[in-house]
């Protein structure tokens, strides 16, 4: 059993079209859900500071929604008078409300696609008192009927608050959550699966989301890589949000690139550094002489990773271990390649993980390197003179190619319009965290309006509550 939703209390003054005064109480209540526990590759924790910011932006959006509430037609009778007020007739009514109380419970859950959704909503709303001042040619008539008109307005408005908020939550806010990436392509080789593993979990002042955080090769999108890594445990609270990535997150990326067959780099002819070419020809002169190929044939170096690289995250830093083969051959024109040597390479790269915008990026640098022969210890000894120049080749030629490929980074699952500031990366045993504060570069309404589908007349009427006319004398 695991906790499923979040507890979030929003208490603020709420105002609608008639400048209401009161309070709004929104709750995301926890519930228990049964789910098999699998460790996340990516975990997000929003702290109380982050929730406070979300509350402020949410209240601003709710106030904007309440401003759209209008009073429908009023009709009824008072003694011998029969009245029917449509759109306020001629003149205006300046109305205010006291004691506006809105209590809303939103239920958060993951849907079938693994996306965070508002799955249900309950709401109650009341207006304790209303006051109205009338103007226009029929002011005296309206003042005579003021008790009935104000009573009707109070009833109509209180009946429209919850349907309006229900539409705002289940339709509009869910369209905002649709902007969170769930399963996207990173580049032409791999994609990322950010589907939720379970419903959100809560503590008294945090909201936590467990994401699969698994990369996959586009040539085999249904491939699953088992997660045996340490589960991230976020304890920090200083920043508004913390995003944790386990070793599994990075391992799955490298495994996917390996499965896609792109962890191979080939240098031939003029792409081979001249100093290295001279040294290689001198080192393998005997082999070249015995095989008698054309001495002027261009050299070809093929560096191929032999197994998926592995990531190790420690408090002292992040490293990547890579095993590869380096095949050196001559490529005579119109003849099959002549292999001069095939050597094994063991390298350890240091990885600097940082955030740029909402993209997680990794900068790799060569830390350790050694080569040895796959045939004999004697040949390994002969290759010792190549150790330094080949390391230079990796640093100056190969590493820039690798870093250019990873330059784009991968997006972190946040809604559009929400950005990070004041980022800080902290290493732990088996995972790292990126702490940051949140900033709304776009308001909720701006993002929602951007993706709002143009409603048809039928769709609009079915999604919006009808505005009933009212006979106040029936209340």
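In case you wondered, yes, glycine gets a Cβ from its N, Cα and C as well.
Listed features, source TrEMBL:
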- 1-35: signal peptide (SIGNAL)
- 45-220: domain 'Lipid-binding serum glycoprotein N-terminal' (DOMAIN)
- 123-162: disulfide bond (DISULFID)
- 235-436: domain 'Lipid-binding serum glycoprotein C-terminal' (DOMAIN)
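Within the same chain, residues at least six positions away from residue 123 (disulfide bond) with a Cβ under 8 Å of its Cβ are 102, 103, 104, 105, 161, 162, 165, 166. Averaged across the domain 'Lipid-binding serum glycoprotein C-terminal' (235-436), pLDDT in this predicted model comes to 87.
Counting every protein chain shown, the Cβ of residue 162 (disulfide bond) has 18 other Cβ atoms within 10 Å.
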